[in-house]
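Here is the structure we will look at, set down as structure tokens.
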Amino acid sequence: MKPFSPSQTNFEKEQLCFGVYQLKDCYQQVIEALSLGIRVIDSAITYRNEKECEQAIQDFCHQNVNIKREDITLITKIPDSLQGFERTWKAVEQSLRRTGRPKLDVVLIHSPKWPVRRIESWRALLQHQKEGRINKIGVSNYNIHHLEEIISLGLPLPAINQVEFSAFNNRPTFLSYCFNHGILVQAFSPLTRGYRLSDIRLLDLSLKYNKTPANILLRYCLQKGVSPIFKASSFVHIHENVKAEQFMLDPSDMDVMDTWDEEFVSKPTWNPIILP
């Protein structure tokens, strides 16, 4: 069964998110994702497409007057190279200029790489938020001990934590911790970068529900209270992935999928959640 998850606002609930890392035609893909009901776009400073994403969102809202800009969330992230109070402070200002927005929707710290700098960066984001330049702030690739560090300093916890999560790496203890502290969990690589899409157990469920393996994995995340971030390079794939919101997995199948956990990491050379 799906555990408790925070849902105070439309953004703070589990939903499909569209990732724009290395998209060749970012602007058009974002337009197409929005047209299919996606309302969270996941970008980052290192992706170099914040401006394209914001322009696509603005144009979509202009063409669809019933959709307001505040109905859509654009996430960006502070890279390791810009950690530290001053660098993070300036990075936020630069993102504001790139997007032309008076206030950023969501800003995350991309990883906990630098022990001292990550706290300085967190303080910078808190101050920007206090002064009205950011709506919500969060982190990415933070494990429980990284979050405990924030608590030990008497600082507010992040609203969002974006980590690798899938049926093959379902982090039960971590998930419970985040939910108990009111932290929304977003999943990158929920489709395991394709490495587990041919798993026979997954294919069996795909056949049972008449859905793609990707649909099954995305649906699993949603029913765990996690917001999966998927990437697709064509309208057809975006349309196919959105179908994950149109069905439910039986509780018994969810329980079975819970047993698939093997702590699978799709990119072992970059796994910052294990950093001290």
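Keep in mind that glycine also has a Cβ here, set from the backbone N, Cα and C atoms.
Features of the protein shown, as given by Swiss-Prot:
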type	residues	note
ACT_SITE	Y47	active site, proton donor
SITE	K77	site 'Lowers pKa of active site Tyr'
BINDING	H110	substrate binding site
What three-state class does DSSP give H110 (substrate binding site)? coil
For K77 (site 'Lowers pKa of active site Tyr'), which of the three DSSP-derived states applies: helix, strand, or coil? strand
Can you see whether DSSP assigns Y47 (active site, proton donor) to helix, strand or coil? helix
Separation of alpha carbons, the residue listed as 'active site, proton donor' and H110 (substrate binding site) (Å): 12
